[in-house]
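Notes follow once the structure below has been shown.
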Amino acid sequence: MRVGEVHFQVALRQLPCCNELSFCLASPLFEHQPFIVTWNIPDLVCKRYNISLDTSAFKGVPGQFLSLFYTDRLGLYPHIDLKSRKEFYGGIPQRANLKASLEKARADINYYIPSMTNRGLAVIDWEEWRPLWDRNWGTKRIYQTLSVAHVMQANLSLPVQQATVKAKQQFQEAARNLMSGMLALGRAMRPNYLWGFYLFPNCYNYGWKDQHYTGQCSKEVRRQNDELLWLWESSTALYPSVYLQVAALMVRNRVQEALRVSALPGWSATAPVFVYMRPVFVDDNKRFLSQPELTVTFMPTMSACKFVSTTIVILFIPLSISPLQLSCEALSFYLTSTLNPYITNVTTAAQLCSDFLCRGNGRCVRKNYKSSHYLHLNPESFRVVNTQKRYFVLGSPSLADLKSLSRRFNCQCYKGLKCTPRTYKELAKSNRAGVYFSLESNLETKFQSYHTSINPTPILASVLNLTVFGLIRPLIL
């Protein structure tokens with residue numbers, strides 16, 4: 001990502017694979033919400049053209065949920081401008097002033113995340129160099145070259161081979177101190193935010209044009225990711241990125257590697273994984289994904305392994321169409337025609353499955369994670385309605401819908417709760433009331449409830465464990 005890009009985010013939270021369904025699944029970021037949607041586009045960009053963007057299907061506004069820290073927004077990040085060859089703050093990590101950098105970072109965090117009590121995501125976007133020496137290939141080799149020169153300046157008689165070994169050691173140690181120091185400071189100052197670095201971990205599973213492309217992460221990449229154990233131990237969230245060339249294979253394997261990495265520290269509650277994705281084609285960023293294409297690329301993240309909770313997928317869209325006005329118009333139409341209805345559909349489906357099948361105490365997971373069974377509302381049973389910038393889902397699950405839930409999905413319990421999946425007979429008893437969901441257009445509303453469209457019977461209230469008149473738990477906080 002770059003400062004000039006505009007981003008929009010969709011979020012569903014995902015935790016790593018476990019040996020048992022009831023093991024190591026932390027509570028969701030927001031209570032009883034297996035699926036979260038958040039918005040992070042600077043609306044002023046499109047407001048300049050008097051173009052409004054319908055954000056009613058999203059959670060949060062800029063500055064309240066997700067904070068992106070670019071190279072100039074957190075500390076004194078040492079890097080090199082590849083065009084001018086100008087070195088900033090020492091250029092390489094070994095020359096950085098760690099103390100001064102942390103002092104500035106403290107002021108930056110106070111400025112960009114003023115609240116000490118809010119919850120959210122904190123993503124550090126440092127892409128100029130990578131903390132492992134061997135991963136600085138291509139244009140990033142300049143950091144290796146300058147590191148070797150830095151060593152030889154101190155000892156002119158040192159052979160190049162020995163200088164390279166020492167430079168690698170110094171580079172990786174300095175990079176580790178800088179990155180882990182930033183994460184430690186962030187965790188200490190804003191413990192309610194989930195801190196991590198954008199693009200980490202990476203699978204480097206390129207080569208999608210190859211006829212036999214599998215999307216798998218190589219053993220060497222996995223070994224290198226193991227070397228970054230210190231980074232996974234310092235992070236409270238992971239933020240890998242996926243692209244949409246060979247979607248299912250790439251997405252599944254990149255997310256799978258992130259899940260594996262998140263379990264390396266061996267904690268009882270592993271770091272959540274938030275997957276960056278963009279709903280436009282890499283080679284044609286003027287064309288947005290259709291609903292079927294969204295499903296192919298979006299849904300694999302929900303069940304990347306056999307025992308997985310739901311995910312936060314962070315979708316970002318660079319408004320790079322020229323002129324910018326056309327980009328805003330295209331995005332506005334895409335939101336109302338395709339993306340918002342789709343998000344409403346899958347968000348509601350995830351919540352409905354959680355409440356019906358898992359008693360509201362867990363998340364639905366596919367029994368066969370390699371299957372193509374995804375959580376979508378059956379169009380024959382439900383319909384999404386948009387009125388006055390509010391999205392509703394009208395309808396009730398059919399017996400066939402409930403049978404599909406019981407056959408295709410299992411439950412992964414939230415920590416400390418029991419969520420034994422209901423049998424089909426139990427589910428059928430809950431089929432006496434139509435259900436209607438709403439997502440308020442006011443993004444600052446803390447509790448946005450959805451209710452049954454008819455008065456519930458005592459059986460329904462008992463089965464769903466619902467609260468009075470907020471009959472199904474709030475979908476968005």
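Heads up, the Cβ atoms here are built off N, Cα and C, so glycines get one too.
Annotations in TrEMBL come from automatic prediction, not curation.
Per TrEMBL, disulfide bond is recorded for C46-C328 (among others). All protein chains considered, the CB of C328 (disulfide bond) has 24 other CB atoms within 10 Å.
Residues or ranges marked as active site, proton donor in TrEMBL: E127. Around the Cβ of E127 (active site, proton donor), the number of neighbouring Cβ atoms within 10 Å comes to 14.
Taking a C-beta cut-off of under 8 angstroms and a sequence separation of 6 or more, C203 (disulfide bond) has the following same-chain neighbours: C217, V221, P240, N253, R254, E257. In the three-state DSSP reading, C203 (disulfide bond) counts as coil. Marked as disulfide bond by TrEMBL: C203-C217 (among others).
For N345, the entry in TrEMBL reads N-linked glycosylation site. Cβ neighbours of N345 (N-linked glycosylation site) (same chain, under 8 Å, six or more residues apart in sequence): H376, L377, F382, V384, V393. The DSSP secondary structure for N345 (N-linked glycosylation site) is helix.
Cβ neighbour count for C364 (disulfide bond) (all protein chains, 10 Å cutoff from its Cβ): 28. Residues or ranges marked as disulfide bond in TrEMBL: C353-C364 (among others).
DSSP gives C411 (disulfide bond) a strand state. Packing around C411 (disulfide bond) is summarised by its Cβ count: 22 other Cβ atoms lie within 10 angstroms of its Cβ, all protein chains included. Annotated disulfide bond per TrEMBL: C358-C411 (among others), in sequence order.
Under the three-state DSSP scheme, C419 (disulfide bond) falls in the coil class. Neighbour density for C419 (disulfide bond): within 10 A of its CB lie 22 other CB atoms from the protein chains shown. Annotation source TrEMBL lists disulfide bond at C413-C419 (among others).
Distances between the Cα of C358 (disulfide bond) and those of the disulfide-bonded residues C328, C364, C413, C419 are shortest for C419. Here the Cα atom of C328 (disulfide bond) is found 40 Å from that of C411 (disulfide bond).
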